[in-house]
Amino acid sequence: MLMITSFANPRVAQAFVDYMATQGVILTIQQHNQSDIWLADESQAERVRVELARFIENPGDPRYLAASWQSGQTNSGLRYRRFPFLATLRERAGPVTWIVMLACVLVYIAMSLIGDQTVMVWLAWPFDPVLKFEVWRYFTHIFMHFSLMHILFNLLWWWYLGGAVEKRLGSGKLIVITVISALLSGYVQQKFSGPWFGGLSGVVYALMGYVWLRGERDPQSGIYLQRGLIIFALLWIVAGWFDWFGMSMANGAHIAGLIVGLAMAFVDTLNARKRT
């Protein structure tokens, strides 16, 4: 199987698939963050790419609009649900993605009800030498958030990036990225600011770095991040470093997380190339 391209609009993807069916080429659509087009017979790849270039130039051409009828498919296979937003949330996130989101929400509720300090005493990075053997503390800091905007921003990125990694590469890969980046970004951040910090952003930056570089070096992995978004991430690090917006940011965790993600993607793509 070879991934040809992705479309943000599922109906556009279906139009191209239907047209290629009339040309004797069978493509399939897999719905993830976008509608991914896959080709089973890789010997037809060059032909498909030529037709794709023509399609992108003029997707409204009548031959494409009529393709569903010619291929005998009057039903695109799309299903419209009463709550499409909730359906999208479910479809684009695996169990690990959901478990982490739920943990963050529950911890945020607890912090709102009984106070930040009470929760941090149990979940923060070890703040006393006698706590260094409480191993969970090296990871549970990622569940603590200190404002509604803080948790919403992090969970949105976690769902978008973590969900894509889990759906494409499996729950194990997401767990490995999360555990390593939580540990290393937390270690760096406590060197910067001490143990009283929290948030999922170090892991989010690791996912940004991983998804972007993995997509650039290994397009067949099926994950990618637009270059504009990685530029935004870098600008956000700069803004936090120079305190442009007067907000307290975990700059050490952000930088460490990004480096961890890039390093892991580099290693994984090296291994992928050795196998091919």
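Indices start at 1 and increase along the chain as displayed.
Note: Cβ is positioned from N, Cα and C throughout, glycine not excepted.
So that you can see what the record holds, here are the features copied from Swiss-Prot:
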| type | residues | note |
| --- | --- | --- |
| ACT_SITE | Ser201 | active site, nucleophile |
| ACT_SITE | His254 | active site |
| TRANSMEM | 94-114 | transmembrane segment |
| TRANSMEM | 142-162 | transmembrane segment |
| TRANSMEM | 169-189 | transmembrane segment |
| TRANSMEM | 192-212 | transmembrane segment |
| TRANSMEM | 229-249 | transmembrane segment |
| TRANSMEM | 250-270 | transmembrane segment |
(Q) Restricting to CB pairs under 8 Å, which listed stretch, 94-114, 169-189, 192-212, 250-270, is in contact most with the transmembrane segment (142-162)? (A) 192-212
Q. Looking only at DSSP and grouping its letters into three states, which state does the residue listed as 'active site, nucleophile' belong to?
A. helix
**Q.** Neighbouring C-beta atoms (10 Å sphere around the C-beta of Ser201 (active site, nucleophile))
**A.** 27
Q) Near His254 (active site), how many other Cβ atoms are within 10 Å of its Cβ? A) 26
Q) Near the transmembrane segment (192-212), which residues from the same chain, at least 6 beyond its ends, have a CB less than 8 A from one of its CBs? A) 100, 104, 120, 123-127, 141-146, 150, 154-155, 157-158, 161-162, 164-165, 177-178, 180-182, 185-186, 223-225, 227, 229-230, 233, 237, 249-262, 264-265
